[in-house]
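What follows is a set of notes on a single structure, which appears directly below.
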Amino acid sequence: MNLTIIGAGYVGLVTAAVFAKLGNEVWVVEIDNDKLKKLSCGEIPFYEPGLGELITKNTSAGKLRFTKSYKEAILGSEIIFVCVGTPSKNGKVDLSYVYSATKSVAENLKNPATIVIKSTVPPGINSKIEKWMKRFTKVSFDLASVPEFLREGKALEDSLHPYRVVIGVEKKSVAKKLLQLHKKIPGKRLVCNSASAQMIKYASNAYLPTKISFANSISILCDKFGAKVEDVMKGVGMDKRIGPDFLAAGLGYGGSCFPKDISALLHLSKKAGYNFSILKAVEKTNRKQVDYFVKKVVRLCGGSVKDKILVVLGLSFKPDTSDIRNARSLLVIEELQEKGAKIRACDPVAISEAQKVIKEVKFFGDPYEAMKGVGALILVTEWEQYKNLDFVKIKKLLKSPIVIDGWNVYNRKRLEKLGFVYEGIGK
Ligand code: UDX
């Protein structure tokens, strides 16, 4: 099929690359000149395993094209995906990019098409967008909603092998067309109305953090009662009704989606006159987990971190991404700095992003280099390369052999045998 993707952000680029790989002819519209230039040379603006290669391959094969012109892209397109950002301002969803993109689509529409909203938008918005677009075109079109569920760092895997594809439509003929487009993609299918599809996205991005905050609350009790949260959650997750995923306790969730979508859903609930108290508690628990961790660091450092040099391992909000939006590292570093600590920070790919927002931190690519003479080692993002460090070597480098593990990745017995003071979370 001939497709157009509006917006070369995370969702847009992944959607474009995947549909091109599956044999479609794909145009991507991007209005930012700099970004467009870079993309045309195969440069992608963030780190995502495999995506750069897939884009280059399909660009060279002529399956994937980038342009600034809506007119050029959508001329022959049957389906147009709107993948622009919907940033949140104190929970209020900013829909200005959605409205400007759909206006441009409408103004350039020459033939009937299906317009699919992939951006995360408030449930029920499609009827408003439809009225809005009709102001700028006489050509007929259908609106649909196919929310995106991909995880950063695993974007291609999630898009090519999703758990489910949710198709939100108001007409059977549109469902048929979209089911056909997704035919080569495995996973379950759910066809529902567009408001339900949009609500599924918010509900999923609220429920997964609920599991995480629940596990984190249990981790605090595990610390108090001498239980091991990993074993506890393993046992809990063995119940099929609960499931094993998203029960890893640690420093809490970050990233661009969970925090944003939770605050948007809370805002929408308030507007609708509903007090979504569970979700408020999820958000609060997540914030408090960082405080709990920082208190641990201070305690293990002898009651004060003032003027102590500490190494923070990991800056990105999770491994395999350069994204530092709402990363726990930002909060941990800020709280430790407030208490007078001097921070050295390491990350395999996120240092340049972090340098834009974190002040008065020394950055190191090589963690061993960073560890020379420091007071404690703090694991904040569980990158694979930090899981397999040489602790015999580290013991000689640290001034005080203290390891505080935000994700329970290290072996307590082994570290204690080597002479380290070690603590995880709920361990
Ligand atoms: C998430 C959703 O998984 C995805 O479906 C949605 O489309 C976008 O938001 P993403 O933010 O990329 O994806 O990452 P994810 O792997 O879900 O992790 C989110 C956060 O939760 C990370 O900070 C991670 O460290 C944390 N997390 C995850 C936990 O604290 N415990 C867990 O068990 C799992």
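Sequential numbering from 1, following the chain as shown.
Here the Cβ of each residue, glycine as well, is placed from N, Cα and C on the backbone.
The NAD(+) binding site feature in TrEMBL is assigned to K35, T86, T120, E152, K260, R325. The feature substrate binding site is assigned by TrEMBL to F149, L150, R151, E152, K201, F246, L247, A248, A249, G250, G254, K318. Summarising the annotation, TrEMBL assigns active site, nucleophile to C257. Per TrEMBL, domain 'UDP-glucose/GDP-mannose dehydrogenase C-terminal' is recorded for 311-412.
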Spatially closest candidate among F149, R151, K201, L247, G254, the listed binding-site residues, to T120 (NAD(+) binding site) (Cα to Cα): K201
Nearest of the recorded positions (R151, K201, A249, G254, C257) to R325 (NAD(+) binding site), judged by Cα-Cα distance: G254
Cβ-based isolation winner (fewest other Cβ atoms within 10 Å) among the binding-site residues K35, R151, K260, R325: R151
Most Cβ neighbours inside 10 Å, all chains, among the binding-site residues L247, A249: A249
Spatial neighbour of K260 (NAD(+) binding site) that is closest, considering only the binding-site residues F149, R151, L247, A249, G254 and their CA atoms: G254
Whole-number Å value for how far T86 (NAD(+) binding site) lies from K201 (substrate binding site) (Cα to Cα): 13
Tertiary neighbours of C257 (active site, nucleophile) (same chain, Cβ under 8 Å, six or more apart): T120, N205
DSSP-derived helix, strand and coil totals, residue by residue, for the domain 'UDP-glucose/GDP-mannose dehydrogenase C-terminal' (311-412): 35 helix, 20 strand, 47 coil
